[in-house]
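Single-structure report; data block below.
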Amino acid sequence: MDYKESLLLPKTDFPMRGNLPQNEPVKYKQWDEKKVYEKMKKNRVGCPSFTLHDGPPYANGNIHIGHALNKILKDIINKFHYFEGKSIRYVPGWDCHGLPIEQKVEEKIGSEKKKELPKSKLRQLCRDHATKFVEIQKDEFKKLGVIADWENPYLTMDFKFEANIYRELCAIAKQGLLIQRSKPVYWSWAAQTALAEAEVEYEDKTSPSIYVAFEMSNESKAIHGLENKKAAFVIWTTTPWTLPANTGISLHPVEMYVLTSDGYIVAKALYSKLKEEAVINGEIVTEFEPFMFESNIAINPLNGRTSKIVLGDHVMMDSGTGAVHTAPGHGEDDYKVGLRYNLDVIMPVDAYGKYDETIVREKLFKDTNKYLGLNVFKANELILEELGSALLKRVDIRHSYPHCWRTHTPIIFRATKQWFISIDDKYGNKNNTLRENALEVVENLKFYPEWGRNRLKAMLEGRPDWCISRQRDWGVPIAFFRNKKTDEIIFDEKVLNYTAMIFEQKGCDAWYDLEIKELLYPGSGLNPDDLEKTLDILDVWFDSGSTQNAVLRSRNYDAGTFPADMYLEGSDQHRGWFQSSLLTTLASSEIAPYKSILTHGFTVDEKGEKMSKSKGNVVAPDKVIKEYGSEILRLWVAMSDYQSDLKISDNILKQNGELYRKIRNTARFLLANIDDLEEIIDVSKMGPLDKWILNKAKKVFDEIEAAFNVYEFSKGLNKLNNFLVVDLSGIYLDVCKDRLYCDDKKDIHRLASQSAMALIAKKLISTLACILTYTMDELLEFAPAFIKDGCEDIFDFKKVELPVVESSLDESILLSAKEKFSEIKDALSKEKVIKSTLELMLYTNSEDILALDEVEASDWFLVSQVSKDKQNSDILGSFQIDGKDFEVYKATAHKCPRCWKFTANAEESLCKRCEEVIK
């Protein structure tokens, strides 16, 4: 007789295969139609809130794997807090102004046509370009399963947004921190604009490393009794092109200096090194304290101009000569020491990085004709020739040098008139500097990982004033009126407010389109003819730094609370958005914009190498989604230690695919075996093994939640994977199969195991909903009603807590006994003594095993019987655990044709249990 129909075999419509690439878009469309973001808001009315403020990606080009990592991690954290019961707000945004977009438009229309276009037309083309890529990227982000307020994103080019950026600028001006001055700044000659620190990237470059002698003037030699003797300061530089603008030589204020027998002056601390390198050859003749040279004069060998000897703390003793070539127009330290000593600031380089008429006017070269209009980097070799015998040594070195982030060309330091936010002027209620306020705030923030605190602190401690002006067309103008006669900037509050109002109504294009009389506040009492517009635009980092005001503090978006609970970006944003947002908020209102900062690393290939098209190791999100589905990408993010660089490749994605299948199959097995369960029974009615797995699950899921609470998702998922593979699938689900399939539908053993499985299934859905949202939604769709609990979809699902269950079992003894038994079983199988463990029975005098009832004990070892009585038959194997005996025998009863256990009284007859079930 075939008893298969009488078995309660697993049954579920939940598919074994996810078919993620096909099913995810369908599911997301359903979510969109149901407006799940709005539903999430309604579901958490009156609940504690969590606000993650989105750092805006740039609206240019398709998203790359770094974007996917960032957005998925944000989505996981938002959903984690949501499923924990919090009300979340997530307004996505885009950075829409700036050089990259302007360059793309220029590439499209050509540089000549760009020059002919009215500024308003060019700006419209830039706006169109940004709008196009906002829509493209929005669609790409949705494909990652990200839930957000996609209907109401923030765009930095929206009129109201531009007005609020401008208002933030005005608030900073009101605090007295906005200053305009001529100062050396990072300058991209390829893009013809100033750059902020965050727009500078370091790449390797080959430069001439040169040592040059500056002979002391006769008057200065006379002061030291060196008349008619050679005495020259030796400077070291890797930028020969800056030598024409030299106006000083900086010495360390306390280090000793020496004059050598061959007539050169260097720091005593560096003398031996310089002699070893054959820069100088003479012995030490005289020692000097540095103050003895202060305000002495040396002669620039390139042009015969004077160079004042000054003292500066910036002079280092780890390299060079201890005598630093000082050109205040070409460096921050040079500029600062130049201010103290009133050194001339000479700037002979134009916006295109070429020598201009200044070299003629100031006689910076003996023959200016061959340098006029020449790119400074191309001038290096000519300058070295002109130095003649003053060039003591030249070595070409490969070193890290600042480059423009967009054009990837080496930049220069160039003194120009720019707008700055002062970092070290006192202001506000505390009468602190912006730097002091920022450093104080950083001490009170939470950082994930913790090392981010010191990194941000170090950058704030060392940063210069923030140069916020750019000489380009596509951006928010620094829209002030200047008095033509007095050069005074008009900071009248009513005038500024009126400009902001116009920007809100017409956009900041109005600054270019309208006449001054149309832009000027009617009641200002100012004559439009006396005024001119300032035409620089704002650094895009100021745009993104202002999002805290334009998004979180304005009433234009339902974006959550201010300050935000979290900012989350790549680790490069310690020098970017984390700083720009902090500095703008503190400068305008002395408040920190965020309570915590989480940073992630960069994406690299499986060898840890940077991705590039030339290497062919780029992993495109779109390709991954089409091949694997976004769930696998989301699992990769969650399983990676994002605090360092994240490796990704086809192999790594396949490994995550395997993990996904394990999770899916385990979940499917749980669903299939609780299909006919009507309600979860009380824990008190469960057996020891059911209580053991629930006790184990409770501990594991509590550990997972603790890890998730500090955003250590990989740690939590590794614990989950271990539990699913080892404890749940490897042991519990295996030992339950007999009772699930063969017991009566209402048998207490079966109901207890089903109930334990149902509780674990609910907790699994609750825990993984933030990561595998598509799959958990699908799982819920096929789950029994008592798990759904009235939920329409996963976004209605509430946090599940497993019951606290005391387990009396000694897990270590049970597991050790199971392991030892498995060794004997494997040997018997290998020797073909048995085909199945059900052919065996086990004797033991272990109280821990006998504490289980007979059914649970035999199920634990997957044998037909566990007895406290020794058998008379042959012992097939034995072992001891904790001093207790275990003996393995062949089962003496007959095989039951229904459950296959050797517990039947006669051949081909049913065992007692199966007989009762069939009746």
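Placement of Cβ uses the backbone N, Cα and C atoms for every residue, glycine included.
Glu569 (L-isoleucyl-5'-AMP binding site) has a Cβ environment of 20 other Cβ atoms inside 10 Å. In three-state terms derived from DSSP, Glu569 (L-isoleucyl-5'-AMP binding site) belongs to an extended strand segment. The L-isoleucyl-5'-AMP binding site feature in Swiss-Prot is assigned to Glu569; the stated evidence is sequence analysis.
Long-range neighbours of Lys613 (ATP binding site) (same chain, six or more residues apart, CB within less than 8 Å of its CB): none. Summarising the annotation, Swiss-Prot assigns ATP binding site to Lys613.
Its Cβ placed at the centre, Cys896 (Zn(2+) binding site) has 24 other Cβ atoms within 10 Å. Annotation source Swiss-Prot lists Zn(2+) binding site at Cys896, Cys899, Cys911, Cys914.
Averaged across the motif ''HIGH' region' (57-67), pLDDT for the predicted model comes to 94. The motif ''HIGH' region' annotation in Swiss-Prot covers 57-67.
Summarising the annotation, Swiss-Prot assigns motif ''KMSKS' region' to 610-614. Nonlocal intrachain contacts for the motif ''KMSKS' region' (610-614), taken as residues 6+ away from its ends with a CB within less than 8 angstroms of a stretch CB, comprise 65, 602-604.
Neighbours of the Zn(2+) site: apart from Cys896, Cys899, Cys911, Cys914, residues of the same chain with C-beta atoms within 8 angstroms of the site's C-beta centroid are Cys742, Pro897, Arg898, Trp900, Lys901, Thr903, Ala904, Leu910, Lys912, Arg913, Glu915. Distances between the Cα of Glu569 (L-isoleucyl-5'-AMP binding site) and those of the binding-site residues Cys896, Cys899, Cys911, Cys914 are shortest for Cys899.
All chains included, 24 other C-beta atoms sit within 10 angstroms of the C-beta of Cys914 (Zn(2+) binding site). Long-range Cβ contacts of the motif ''HIGH' region' (57-67) within its own chain (Cβ-Cβ under 8 Å, at least 6 residues beyond either end) map to 94-96, 98, 100-101, 104, 129-131, 133-134, 136-137, 140-141, 155, 570, 602-603, 611, 618-622, 624, 648.
Sequence-distant neighbours of Cys911 (Zn(2+) binding site): residues of the same chain at least 6 apart with a C-beta under 8 Å from its C-beta are Ala893, Cys896, Arg898, Cys899, Lys901, Thr903, Ala904, Asn905. When DSSP labels each residue, the motif ''HIGH' region' (57-67) comes out as 3 helix, 1 strand, 7 coil, counted as helix, strand and coil in that order.
Around the Cβ of Cys899 (Zn(2+) binding site), the number of neighbouring Cβ atoms within 10 Å comes to 23.
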